[in-house]
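Visitor: Below: one structure in structure tokens.
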Amino acid sequence: MRITVLTGAGISAESGIRTFRATDGLWEEHRIEDVATPEGFHRDPALVHRFYNLRRADAARAQPNAAHRALARLARHHQLTLITQNVDDLHERGGSPEVIHMHGSLLDALCAGCGHRWPASLVMRAPDPCPGCGKPLTRPDIVWFGEIPYHMERIWAAVEAAEIFAAIGTSGQVWPAAGLAQHARRAGARTVELNLAASAVAGDFAEHRTGPATEVVPAWVDALCG
Ligand code: APR
């Protein structure tokens, strides 16, 4: 069966990685305009690098959980397209063979000048020169607010081809990710939301499985894989 899954920060929460909009979320401590926009990076690149260096260290310490591993199992039984808004590598370390990172990855660095991309060092500093052009324009390879998410053609195709579309651990507050379920439903997919609580787009889903990802995702995968 053709299954397309979209994950958000909630699938990594039980691995100890903070989500964004919970009461103790990242956006409670940092202004999005300071650390997650091109303007913020241009204004104070050192602050932005400090923010992502901390997130990179958190992600490196975190371990994949039962939900990440369940999706790796799902890929062994069905034609799975796994799309994530997350920038950690827990899906890959949990065994998923192919992951579409629509908001980029903490593991990659990008040159704000020439567009060159290379594996990120654990600690990135503003004046780090780009290995491609040599200019001190190294930035995290993260899609910031106001920028265009990556791989959208592949994503729309996977959403339209899906027999089942599932969203796991995302609040449905950031577009275009938040619009994928409605698009899948219009294309004829069965839609299911797996989350601790109803998201902002819960009405786009025909089925809801409520609970922590490490419980509801393995149970959902068991039901699909027997
Ligand atoms: N199990 C399942 N779901 C959970 C769990 C859990 N243990 N813990 C939290 N959640 C759910 C919350 O109910 C919420 O719906 O995860 C979601 C987290 O929402 P956000 O913090 O908004 O994260 P996300 O939806 O991934 O944000 C999307 O916004 O800030 C940008 O680029 C950033 O990719 C991010 C995007």
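Heads up, the Cβ atoms here are built off N, Cα and C, so glycines get one too.
Here's the feature list from TrEMBL:
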- H103: active site, proton acceptor (ACT_SITE)
- 8-27, 85-88, 169-171, 195-197, A213: NAD(+) binding site (BINDING)
- C111, C114, C130, C133: Zn(2+) binding site (BINDING)
- 1-226: domain 'Deacetylase sirtuin-type' (DOMAIN)
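Map these features onto the structure and tell me what's around them.
Guide: Counting every protein chain shown, the Cβ of H103 (active site, proton acceptor) has 19 other Cβ atoms within 10 Å.
Counting every protein chain shown, the number of other Cβ atoms lying within 10 Å of the Cβ of D24 (NAD(+) binding site) is 8.
Just so you know, the Cβ of C111 (Zn(2+) binding site) picks up 22 other Cβ atoms within 10 Å once every protein chain is counted.
In the predicted model, the domain 'Deacetylase sirtuin-type' (1-226) shows an average pLDDT of 96.
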Visitor: With the Cβ under 6 Å from ligand 1 as the test, give me the qualifying entries from the binding-site residues G8, D24, G169, L196.
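Guide: Those binding-site residues that pass the cut-off, since their Cβ is under 6 Å from ligand 1, are G8, G169, L196.
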Visitor: Please identify, among the binding-site residues S12, Q85, G169, the one with the smallest Cα-Cα distance to C130 (Zn(2+) binding site).
Guide: Q85
Visitor: Within 10 Å of H103 (active site, proton acceptor) (Cα-Cα), which of the binding-site residues G16, F20, D24, C114, G169, L196?
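Guide: If one measures from the Cα of H103 (active site, proton acceptor), no binding-site residues come within 10 Å, so the answer is none.
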Visitor: So which of the binding-site residues is most packed in, judged by how many other Cβ atoms lie within 10 Å of its Cβ, out of C114, C130, C133, L196?
Guide: C130
Visitor: Rounded to a whole angstrom, what is the C-alpha distance between G8 (NAD(+) binding site) and C111 (Zn(2+) binding site)?
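Guide: Checking the Cα atoms of G8 (NAD(+) binding site) and C111 (Zn(2+) binding site) gives a distance of 26 Å.
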Visitor: Apart from C111, C114, C130, C133, which residues in this chain have a Cβ no more than 8 Å from the mean position of the Cβ atoms of those residues at the Zn(2+) site?
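Guide: After dropping the recorded site residues, what remains is A112, G113, G115, H116, P131, G132, G134, K135, L137.
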